[in-house]
């Protein structure tokens, strides 16, 4: 059990005066579990964006043109809203059972989507997938945190972050390839054998300890039902507003403003409720935000996730509308971010494990991202491949180092008993940031296009681009259709470039905000010992006592 001492982080010590022990060697069982967790993380990350390039084919086949947005949003909504719930339930029902349940739910959702014959079944399947995906993302981080010490977590977080980055970037390419060459249904069916292998491996090797949690009635009474309802309602309203804004309805319309205000008020009510004295186990306890380091790093994680999605959603606009790349080609053109963020994150994690120092990676990451976002403003129709590749490399290295270096110090500033809730909060805030990382630049882009559109001489083309139409028409097909009129094509591309320039400028402001926040993070000692009630059970032959902790039961 965590002691009061665990809750008080100590200042970072000099390595020369206090040498740290080498990390313990991991056996085959550990690596089998870690590979299985990484595979499920890859699948959950893959399904956040794999349908983006295949969506036109799916909607045409199912006849769901008017509801296409929900094929995307159902997954995002379900995964984000259920993350803190899985984190809390992991403390009550154990890590192993929740991990297996999450993988099973995700697999079921994949099967439903692959076999969908109408839009309702597809949206329902995506929602089921999202619940499982949110659980996988949460439980994978929690289980890894229970298997290694805080000091070692940076390295493994870097690997998982690399898996996520690679999946997010290759997903559109895979989706387009399946839709064009085989069938869009295999976008979902491919998950079944991979998830099945992971499920078997986790079932066989993921044997964890957990403390007694009482009777079924006692377990149910520990769940924060009120907080869960408020959080799900809040996320649902906010996602609705951000999905409708600028597309179905104008940002200034009541259809957008009302659900957005309701969602934000529900979020405020959720956090107020989390501080209620009668609440036994809050979904997201306020103590997670009670110290400067954890609260600052959670905000930094929000900004980092926002920026990652910001860039990954709007660079394809540049590639397709300005460089006239196909959707699949534009996805390939994003590879520099994935190919650099993954190794950079792993390298930063290894360094953190060896030295215990993490603040330098916060500063380094935001400096590199700031430089990259500033350089993005220089991109135009004549920019060489070397330019947009080089700028992405800077951003990829920066985003990889920040991702790896945020969770370990958050956990170091809190008692070990808060591992699950803190990890769940970190994962939720990252997902929540990704929602705004698409909505904010979209609003900025659409607003500037509306102001720049009068420069377009053709009124019919102008009408296609205003009020949110520019993002929808940022395609190779649309731009090439203007080729018979070179002057008009140049005008349209210039409007896109002006809108994108403002998008990059605003992203730079968020990078600088993240950099400033880095100064508020304290240097803490990353604990070398693993102190948890939910750790990996040691195989002890000829012994019925499978845990050194009295009262610990099999999960």
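For all residues, glycine too, the Cβ spot is worked out from N, Cα and C.
Marked as N-linked glycosylation site by Swiss-Prot: 181, 291, 545. Feature annotation from Swiss-Prot assigns region 'Disordered' to 1-23. The transmembrane segment annotation in Swiss-Prot covers 31-51, 67-87, 130-150, 159-179, 186-206, 225-245, 253-273, 297-317, 332-352, 360-380, 393-413, 501-521 (among others), and the record cites sequence analysis as its basis.
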Most Cβ pairs under 8 Å with the transmembrane segment (67-87), selected from 31-51, 225-245, 393-413: 225-245
Distance from residue 181 (N-linked glycosylation site) back to residue 291 (N-linked glycosylation site), taken between C-alpha atoms, in Å: 53
Residues of the parent chain within Cβ reach of the transmembrane segment (130-150), under 8 Å, 6 or more residues beyond its termini: 23, 30, 33-34, 37-38, 40-41, 43-45, 47-48, 74-83, 86-87, 90, 95, 98-99, 101-109, 156-157, 160, 206, 208, 407-408, 411-412, 419-420, 423-424, 426-427, 431, 526-530, 532, 534-536
Outside the transmembrane segment (360-380), six or more residues from its ends: residues with CB under 8 Å to it: 300, 304, 307, 311, 315, 318, 322, 348, 351-352, 387-388, 391-392, 394-395, 397-402, 404-406, 497, 500-501, 504-505, 507-508, 511-512, 514-515, 518, 521
Segment proximity, the transmembrane segment (297-317) to the transmembrane segment (31-51), 3 or more C-beta pairs under 8 Å: no
Position of peak Cβ density within 10 Å, selected from the glycosylation sites 181, 291: 291
When counting Cβ pairs under 8 Å to the transmembrane segment (159-179), the leader among 225-245, 332-352, 501-521: 332-352
Leading stretch by Cβ pairs under 8 Å, where the reference is the transmembrane segment (393-413) and the options are 253-273, 297-317, 501-521: 297-317
Helix, strand or coil at residue 181 (N-linked glycosylation site) [DSSP, three-state]: helix
Residues of the parent chain within Cβ reach of the transmembrane segment (253-273), under 8 Å, 6 or more residues beyond its termini: 226-227, 230-231, 233-242, 244-245, 279, 282, 284, 286
For residue 291 (N-linked glycosylation site): DSSP state (helix, strand, coil): coil
